[in-house]
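The structure under discussion appears below in the form of structure tokens.
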């Protein structure tokens, strides 16, 4: 239910962030999240548990949309890759790891499952108390909330200039014509354009090929993360006969090591805001991931066929492949968000774009990661009467194969980049040249700065 809530709310939060100050949204969202987690930890009513999980997902969607936008605003170019990795991959990985260990330790010692949620509610309450004292300016992601104020200031300045011009004309009456501000052409371009509707914003993003391909690469990378987490324990318990506790620890260590290597390497990328450089790096990193995916599948297949005669050899091959796979994926999930953010140039459109990207990631990545492998396993089991071990292997192959899809998305984005940069967007036109009009007079009155108009010859 929480994944459904995150998927449904991400795009909505991207639009709401254009209208409402960030501190108000974050404080309200964290309050609802804290209360929902606390209720989930103590209730036994199944319908209330479903409702609170939905609220948890709805409010977490806001945090996932706000965080990359906040990083994009405050981080400089040199530290942008590091910041985006810390705010996304590292924080999520640490949170999942600590939560898994806490839940496993508490249940192993006879404590109820609710213990972990009670601890989470207490931590969220402390964070809520902290965020209330954080200045609103430190949480903002753009000047989008101030756009209406800026518009009014521009329009008010336009009105005041024209009013002053008319007042001067009235005072002079029938006197000799003096230079005055004309209601001419170059006051009109400062009038702001109207806001785009939601439909127009969706159309604008859909036509942005770089944004779409980077978004699918982001979602596909997280599909692999979610799929590995879903299959790992059952896979290694079935093929290698591991105990559950060892399987859990191995998952945290192996995927954690690979992800940490990828994050540390990607955080040192120079010119992180340069899409050409970033996508070129990711393409090389994903070559490593594809090699790792092949090694993992080979290790699993050999163990499936040969039994346990070469227990450690095949296990080493599979785990080495997973480390390489997670190295490339760990590099991708952070940096590809920078490409998504920077591919949307309009500031007021960017938050909505990030919201749609996060919603796509939640649907095709986090939700389909567990769903599709299980569907593949069930379908092949019914169609070909596979054994449980064979079905688990087929599910793992379906996850590893998506690595090549991530590489394809990044390569396609890299290929479209020069063309998109060279082609003006639809509706975009160069500013028209201003034709000099001999009748136009300077924007300076003769009463100001001792200016005297220069007589012109007939």
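Here, residue 1 is simply the first one shown, and the rest follow in order.
Each Cβ is built from the backbone N, Cα and C atoms, and glycine gets one as well.
Because TrEMBL annotations are produced automatically, they should be read as predictions rather than curated entries.
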TODO: Have a look at 223-240, 421-438, 439-456 and point to the one annotated transmembrane segment in TrEMBL.
DONE: 223-240
- [ ] Among 117-139, 140-162, find the range that TrEMBL records as transmembrane segment.
- [x] 117-139
- [ ] Determine which recorded stretch among 83-105, 311-340, 392-417 has the most C-beta pairs below 8 angstroms with the transmembrane segment (223-240).
- [x] 392-417
Task: the transmembrane segment (20-41) and the transmembrane segment (285-305) contact flag, 3+ Cβ pairs under 8 angstroms - done: no
Open item on the list: Is the transmembrane segment (83-105) in contact with the transmembrane segment (246-265), using at least 3 Cβ pairs under 8 Å (sequence separation of 6 or more) as the test?
Closed with: yes
- [ ] Name the range, of those listed as 83-105, 311-340, 392-417, that has the largest tally of Cβ pairs under 8 Å with the transmembrane segment (285-305).
- [x] 311-340
